[in-house]
Each structure stands twice: as C-alpha cells, then as structure tokens.
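Trainee: Annotations for this protein, taken from TrEMBL, read as follows:
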- Cys136: active site, nucleophile (ACT_SITE)
- Cys65, Cys68, Cys113, Cys116: Zn(2+) binding site (BINDING)
- 1-13: compositional bias 'Polar residues' (COMPBIAS)
- 14-35: compositional bias 'Basic and acidic residues' (COMPBIAS)
- 26-147: domain 'MsrB' (DOMAIN)
- 1-35: region 'Disordered' (REGION)
Amino acid sequence: MDPETDTPSSGESSTERGSDSAEKSDAEWREELTDEQYRILREAGTEPAFSGEFVDHKADGRYTCAGCGATLFDSDTKFESGCGWPSFYDVDDARVTTHVDTSHGMRRTEVRCANCDGHLGHVFEDGPEPTGKRFCINSAALEFDDE
C-alpha cells in the first residue's frame, strides 16, 4: 500500500487488507454494528472527547476490534494521555494499517484494523517511551476481553 496515496502497491489488491471487509456488504455492516460503531468504523467518524467507555478503563486484558473481533491492543500499553480518547503506546504492526489522512484541513496518520479495514482513530508522535507513539483510538471502535 502506498501511504501517500492510499492505493495498492504493485501486486497488492485493495481486498488484501482483510477478508471481512471484502466479504461484507454495507447492509451487513449496518446490521451488525450499532449506529455509533458504524459511523466510526465504516465512515471514519470520531466520538466526542471524554465520552467513550474506555477512556478511564484500567482492567487487564485485550482491546479488540468492534467490527471483526481481531485483537488490537494489550492493556499494558494503555496510558492516560489526557486527550479524551483511549491511548496506547504500542501495537503489533500486523494488527493495524496506517494511512495519510488530510481530512478537516489537517495532515494526520489514520489507524485502521488490518483485518476488516475499520477506522480506529489516529496515531501521533507525542507518546511515551519506549515508542514515542500515541495511538488515539475511539472507544466505539473497541471491545474488551479480560484475561
């Protein structure tokens, strides 16, 4: 995938992102997701700051994609960033994809589920060590599995 144009690189098809996104129709997504989950995961929406159920969540476990159930983040990488959305400093690169997002007059790096291509949030370069990254993720894009 070419990150500048968000188009498949030579030899890569857009359906290689995840089998779930290639196999589900828009109607199926609408049926399976809540209105808020659909708006965020499928339309790249953002929930209001400090409104999500996982902003202050501190339990041990794994955060999974609300769209497909793929494991995304481990609770030991979650930190309090003060930004109003659940924040994580690390993720296995195979779990997410990133894309340049120039919407709303800004240049940001969008984070999507590598399995179903659902919009999760954005990643910024102002996080804590050891990565220096802040994955700022919508609560509605997540579900939680305790260990």
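Cβ atoms are placed via backbone N, Cα and C, with glycine included.
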Trainee: Whole-number Å distance between the CA of Cys116 (Zn(2+) binding site) and the CA of Cys136 (active site, nucleophile)?
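Mentor: Cys136 (active site, nucleophile) has its Cα 19 Å from the Cα of Cys116 (Zn(2+) binding site).
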Trainee: Using a Cβ-Cβ cut-off under 8 angstroms and a sequence gap of six or more, which residues of the chain neighbour the residue listed as 'active site, nucleophile'?
Mentor: Ser81, Cys83, Trp85, Pro86, Ser87, Gly121, His122, Val123, Phe124
Trainee: Per DSSP, what is the residue tally for the domain 'MsrB' (26-147) in helix, strand and coil?
Mentor: 23 helix, 40 strand, 59 coil
Trainee: Counting Cβ atoms within 10 Å across all protein chains shown, which of the binding-site residues Cys68, Cys113 comes out on top?
Mentor: Cys113
Trainee: What count of other C-beta atoms do you get within 10 angstroms of the C-beta of Cys116 (Zn(2+) binding site), across all chains shown?
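Mentor: There are 23 of them.
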Trainee: Inside 10 Å of the Cβ of Cys65 (Zn(2+) binding site), count up the other Cβ atoms and send me the figure.
Mentor: 25
